[in-house]
Structure formats: C-alpha cells, structure tokens
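Below is one structure, written out as structure tokens; comments come after it.
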Amino acid sequence: MSESVRLDKWLWAARFFKTRSLATEAVDNGKVKLGGDKVKPARAVRIGDTLDIDNGSDRWEVDVMNLSDVRAAAPIARNLYEETDASVERRATVAEQRKMFREPSADFKGRPTKRDRRLLGKL
C-alpha cells in the first residue's frame with residue numbers, strides 16, 4: 001500500500017459516503033476539511049491527518065489511522081479512522097436533541113383524509 005490515498009477514495013472506502021461521486025461533491029462544496037483547510041478531492045491523505053466531515057446529517061472529526069482505496073465491510077472500514085472524543089460527544093448531543101425535538105412533519109402520514117379536512121375547516 002502506498003503512503004497516501006486520494007481524499008475522495010479514502011472517504012468512500014471509510015464509508016462516510018455511499019458513492020465516490022458523492023464524496024467528491026462533498027469535498028468540492030467544502031463539507032470536508034483536512035486540518036481545518038478546504039481541499040480538493042485529489043488531495044493526498046496520509047496517516048495521522050485530521051479530517052472534519054459534514055455528511056449532511058452528522059459532523060465527524062476523525063484522525064486517519066490506516067489507508068485504503070478499496071471499499072470493504074463496515075467493521076474493516078471502521079479501522080481506517082478514529083473519531084475524536086469531542087466529536088463523539090457532539091454527535092451524541094445532537095442525536096439526543098433530535099429525539100427530543102422531532103420534526104413536526106414526521107407526524108403527518110401523507111395526504112389528509114376527507115374527515116381530516118373537515119376538522120381543519122372547523123378551526
């Protein structure tokens with residue numbers, strides 16, 4: 001294995017993004033930062049680098065522990081990085097908040113029935 005791997009390939013191999021094109025798009029849009037700096041998808045990742053990853057629903061801060069440009073099973077991919085303690089705490093806090101303050105639209109079950117529309121009309 002070489003000493004470095006393209007950033008978009010590593011993100012895909014570590015299973016932060018489902019496809020490599022999604023990983024490339026995220027890096028281009030500034031959702032992935034290497035050492036706090038915005039980078040390009042072809043940037044080389046090395047062991048010991050710190051990445052800030054925002055994949056839409058979660059924000060991760062990870063240290064690169066191993067390199068791979070091949071996508072593997074999740075338990076193997078988990079060995080490619082180590083999440084920082086601050087990141088673990090932050091994600092747990094956000095998950096708790098999501099549980100407590102659910103989105104109002106989650107309660108709706110599609111189109112209102114005739115009865116529902118009548119009840120809304122009475123309001």
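Glycine is treated like the rest: Cβ placed from N, Cα and C.
As written in TrEMBL, here are the features:
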- 5-66: domain 'RNA-binding S4' (DOMAIN)
- 99-123: region 'Disordered' (REGION)
- 99-110: compositional bias 'Basic and acidic residues' (COMPBIAS)
- 111-123: compositional bias 'Basic residues' (COMPBIAS)
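Mapped onto DSSP helix, strand and coil, the region 'Disordered' (99-123) counts 15 helix, 0 strand, 10 coil. Across the domain 'RNA-binding S4' (5-66), the prediction's mean pLDDT works out to 93.
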